[in-house]
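Over in Swiss-Prot, the protein carries these features:
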TRANSMEM  2-22  transmembrane segment
TRANSMEM  35-55  transmembrane segment
TRANSMEM  72-92  transmembrane segment
BINDING   79, 82  Na(+) binding site
TRANSMEM  107-127  transmembrane segment
């Protein structure tokens with residue numbers, strides 16, 4: 001457990017630094033659309049899909065090594081880079097199980113409730129500082 005936490009921490013730090021670097025590098029492209037975050041979400045989703053398929057399809061990783069790879073890259077790096085990638089993988093898993101209605105519901109609830117949470121959190125703090 002200790003080594004896994006260290007791997008998650010290292011990966012998370014690298015992912016967060018990568019997200020910061022990408023958002024800074026793309027900040028001048030558009031002031032209206034957060035291009036950097038959009039790219040992080042898309043790139044993170046691409047990487048998590050590739051990692052999931054790679055870990056499933058190859059015999060290079062046994063269960064123990066796979067746990068370390070997931071901890072460093074998926075939970076750590078991609079968790080620091082974006083959490084949207086995990087959300088996207090969850091949706092893919094639902095679709096692969098033939099649960100399209102549940103996947104659509106999950107998308108709608110996640111996006112709507114997350115947006116509501118952001119709005120509530122924003123206005124709660126704004127109210128404190130009035």
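Backbone N, Cα and C define each Cβ position, glycine as well.
Bear in mind that the values here come from a model prediction, so they are computed numbers and not experimental data.
Of the ranges 2-22, 72-92, 107-127, the one with the most Cβ pairs under 8 Å to the transmembrane segment (35-55) is 72-92. Within its own chain, the transmembrane segment (2-22) is flanked in space by residues 36-37, 39-40, 43, 67-68, 71-73, 75-82, which lie at least six positions past its ends and keep a Cβ under 8 Å from the stretch.
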